[in-house]
Amino acid sequence: MYPVDLHMHTVASTHAYSTLSDYIAQAKRKGIKLFSITDHGPDMADAPHHWHFINMRIWPRIVDGVGILRGIEANIKNTEGEIDCFGQMYDSLDLIIAGFHEPVFAPHDKATNTQAMIATIASGNVHIISHPGNPKYPIDIMAVAEAAAKHQVALEINNSSFIHSRKGSEDNCRAVAAAVRDAGGWIALGSDSHTAYTLGEFDEALKIIEAVDFPEDRILNVSPARMLGFLESRGMTPIAEFAEL
């Protein structure tokens, strides 16, 4: 098990069922040292108001030895790469994930989906693209991987895509992992937990990256230091409290 999980949802996204405290408790039990809460961006029907993300600045950085990153899973809105993260939200957030979600950006043809994803990557506003292997949104995988490597954006292998949602993602995700490997980019693993009990569960995602011999030194979840170093390379001010992780 890797000690970092970068994608999960709380009751603030009302189709999820756990609180921040629930995740902290599970992290302690499972040996997770750092995680990011990434509730859905405000353009989703059941997402929190944008004030929710602004006020994440009041969260403690560490609770009982577990580090907490303040994140969002924003929605890619259009082919210009616009996402539903704006204004003061950026000041409070450490980690910005963005991806396609049908209520906000309906599936299009391969060229349109690719244009939207690459524009989002090139915007400089996003750290990770969530579930890029979703078969409902065909993309030019190599073009996306090369853009992601160029702009220091990680592509996610989402464990939930093989269990609960986005059925048929396996082949695309293997292709994503292989393309990122060849482009020299970063992979992020995400449990995409909607209940704290699945925090840190990457078993199916690990099968994907192992199948393509993906190098461990390009996986963000290997340690808190690696993930924090990645964020700092993207401009995040070092967070003093995390030095003890």
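Just so you know, glycine gets a Cβ as well, placed from its N, Cα and C.
Among the candidates Glu73, Glu146, Glu241, Glu244, the residue that Swiss-Prot names alongside His7, His9, Asp192 for the Zn(2+) 1 site is Glu73. Annotated Zn(2+) 3 binding in Swiss-Prot involves Glu73, His101 plus, out of the candidates His49, His50, His131, the residue His131. Within 10 Å of His15 (Zn(2+) 2 binding site), counting CA to CA, the binding-site residues His7, His9, Glu73, His101, His131 contribute His9. Glu73 (Zn(2+) 1 binding site) and His40 (Zn(2+) 2 binding site) are 5 Å apart (CA-CA, integer value). Using Cα positions, the member of the binding-site residues Glu73, His101, His131 nearest to His194 (Zn(2+) 2 binding site) is identified as Glu73.
Of all Cβ atoms in the protein chains displayed, 31 besides its own lie within 10 Å of the Cβ of Glu73 (Zn(2+) 1 binding site).
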